[in-house]
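Take a look at the structure set out below.
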Amino acid sequence: MGETVFIKLRHRVQVKPNAAITVGDVAQVMATDSGMAKQLQTIPLYQIQPSDKNIVIIDVMKVVRAVLQADRSLDVQTVGPSQTIIEVVYEKRRFSTAYFLLIWLLLFVGSAMAIMNFHEDVSMQQVHQHLYEIITGKKVDKPLLLQIPYSLGLGIGMILFFNYVFRKRINEEPSPLEVEMFNYQQSIDQYVILHENKESMRKIDDD
Amino acid sequence: MTIEILTVIFVGFAGGLAVGTGFVAFLVVLGVIPRLTQLTKTMKRIHAYEWSAVVGAVVGGWMSLRHSILYVSKYWLIPIGLLHGVFIGMLAAALTEVLNVWPILAKRIGVEDKIVILLMAIAFGKVVGSLFHWIYFVDYFQ
């Protein structure tokens, strides 16, 4: 058995369109002979084509095969994820401010309408009138003394939940939103790993 | 007569049980209480928080059904309203989170870095919509 080489694939790599991907792009390579590790990193693996669209999966077996082809006496050890997701980044879509403002307004008006419908749906006006009467013993039509703090509290509660005010000062924990984004990305990655990688599934009608 | 009374007690108790379990399930699914303990780092007090939700539900239920009246200053309504609003705001935020609105929205329109501004759009939208509703809209809808 020859020299041991350790290969650890990266999880996610961004490349430009028509890039030629080498072993070093998708993996960390470690060997006692660092010159050889450097040389192994330059082995070409894959050429991005326009037909690949924006996701390519490189399986660890492809990397091992390429390394063994370069030197069949090596003892290849793999560590970590068994595939790399290659994301082909086409020219960054620049967002116009107008577009962003439109979405902002959409969300703003939409959530305003949603909260009004919610109030009507649960008859909150009556509940507030009733609450006013419970506290003070007087009947009023518009208990604004209760309702204005309530309205401000709505916004405070939402911001508090997503922890945007205290995050930097109090703790380093990610906010629920960041965790949620991470989980969503994780699910997408899991999906593309299985569905874009021809090696990971074998169907009956595949020859 | 006794049977009637027992039946009414049974029906009332069963109804309360169903609504109470539903209320707890709702709180648990939305995860507001864990979020609050995480924010304030008071995980050890979680049982006290459970009891506060339970006692709050019982007191609220009792007061609204019995029409009890406290006859205190109307300025008590300001803190009550504020707490009420924060609670509903947290429920609304938790609901958007449970429904996975944000990650999908950010992915679809590609604004991962500006998501805080969009969050603010929703929060301000809620405040403004609510104020508009109470101050203006209710007059035209009686």
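Yeah, the Cβs are placed from backbone N, Cα and C, and that goes for glycine too.
When Cβ-Cβ distances below 8 Å are used as the criterion, the transmembrane segment (B:6-34) is approached by residues 46, 49-50, 53, 57, 61, 87, 90-91, 94-95, 98 of the same chain, each at least six residues removed from its ends. Per TrEMBL, the feature transmembrane segment maps to B:6-34 (among others).
Marked as transmembrane segment by TrEMBL: B:46-63 (among others).
Positions annotated as transmembrane segment by TrEMBL: B:75-95 (among others). For the transmembrane segment (B:75-95), same-chain residues at least 6 beyond its ends with a Cβ under 8 Å from one of its own Cβ atoms are 30-32, 35-36, 123, 126, 130.
Sequence-remote contacts of a segment are chain residues at least 6 beyond its ends whose Cβ falls under 8 Å from one of its Cβ atoms, and for the transmembrane segment (B:115-136) they are 85, 89, 92, 96, 102, 105-106. The feature transmembrane segment is assigned by TrEMBL to B:115-136 (among others).
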